[in-house]
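Colleague: Dropping a structure here in structure tokens format, bear with me for questions.
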Amino acid sequence: MTTSTNGVFDRRPLIAGNWKMNLDHVQAITFLQKLAWTLDDANHDFGRVEVSVFPPFTDLRGVQTLVKGDDLPVVYGGQDLSPHESGAYTGDISGQFLKRLGCAYVLVGHSERRTLHAESDELLNTKVHAAYRHDLVPVLCVGEGLEIRQAGTHVEHTLEQLRRGVAGLDAGQAARLVVAYEPVWAIGTGEVAGPQDAQEMCAAIRAELGELFDGDTAAKIRLLYGGSVKAANAGSILKERDVDGVLVGGASLDVSEFASIVRFEQHLVTG
Ligand SMILES: O=C[C@H](O)COP(=O)(O)O
């Protein structure tokens, strides 16, 4: 089964918008209302293609109130979490807090956390486990920098991040996992890994997950691509067999652009 020719997906596609440090708690409400109206007007089938946003922590209470109050079919998550439950960890946010705010997902190991906050694979593995303790689905981000890509060792580098990130999970946990492949050289740069590059890495990730767990489990795990995704390229990336969604940064801050990515099936070549 492929995603390109018959509109049937092996896994439910997930279109995720990572707002990073953009949109304050007032802007978040306006943005989300507009997004929901736009998708409603377009008769978007949320059951078919899942839509998630990752707002800053300070927006989450407002987002929760809006989503609950207006019964919006959008899900949301935190951009990071602490590996700890509570205590003297100034500035950190626990998985318990995120769960109580209605989060379904949490990003773990986004490249900006890995590089700007020196987060190691070992730390990220403890965050993955913390997410499961609070019934949050981790979106584990992996991917190589430019030098590694140019050296041709990007697959092994990314698989090593994956192995360390998922260490100690059981198959039941792994089946719910989401992995986002984000080549660092393509983030916020306008450079996009080609659909074949995204497929090559996602296929390698799925094969590795099959080795680490089992084939049935690996077949359930959703793999996203992230890095300069826009409406104009989302369709071609999402045609690839092992790409189950996209993690969108800059383009997720524009309602019509993000809604158009969510409606990527409109851009798929069928037949
Ligand atoms: O989390 C999203 C990624 O960092 C991609 O960001 P971007 O779409 O602005 O390149």
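Each Cβ is built from the backbone N, Cα and C atoms, and glycine gets one as well.
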Colleague: Same substrate site as Asn18, Trp19, Lys20, Ser228, Gly249, Gly250 according to TrEMBL: which of Gly62, Gly69, Gly188, Gly194?
Modeller: Gly188
Colleague: Once near-sequence residues are set aside, which residues in the chain of Ser228 (substrate binding site), 6 or more away, have Cβ atoms under 8 Å from its Cβ?
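Modeller: Long-range Cβ contacts: Ala186, Ile187, Gly188, Thr189, Gly190, Glu191, Val192, Gly250.
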Colleague: Return the maximum Cα to Cα distance in Å (whole number) over the record's substrate-binding residues: Asn18, Trp19, Lys20, Gly188, Ser228, Gly249, Gly250.
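Modeller: Roughly 14 Å, rounded to the nearest whole number.
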Colleague: Taking the recorded substrate site as Asn18, Trp19, Lys20, Gly188, Ser228, Gly249, Gly250, identify the other residues of that chain whose CB atom sits within 8 Å of the mean position of the site's CB atoms, giving them in sequence order.
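Modeller: Neighbours found: Ile187, Val248, Ala251, Ser252, Leu253.
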Colleague: Does Asn18 (substrate binding site) have same-chain partners at least 6 apart in sequence with Cβ under 8 Å from its own Cβ, and which are they?
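Modeller: The list for Asn18 (substrate binding site) reads Phe54, Gln79, Leu107, His110, Gly226, Leu247, Val248, Gly249, Ser252, given in order along the sequence.
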Colleague: Suppose we screen the binding-site residues Asn18, Trp19, Gly188, Ser228, Gly249, Gly250 by Cβ distance to ligand 1 with a cut-off under 6 Å; which survive, in sequence order?
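Modeller: Among the binding-site residues listed, those whose Cβ sits under 6 Å from ligand 1 are Asn18, Gly188, Ser228, Gly249, Gly250.
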Colleague: Taking the binding-site residues one at a time (Gly188, Gly249), which has its Cβ surrounded by the most other Cβ atoms within 10 Å?
Modeller: Gly249
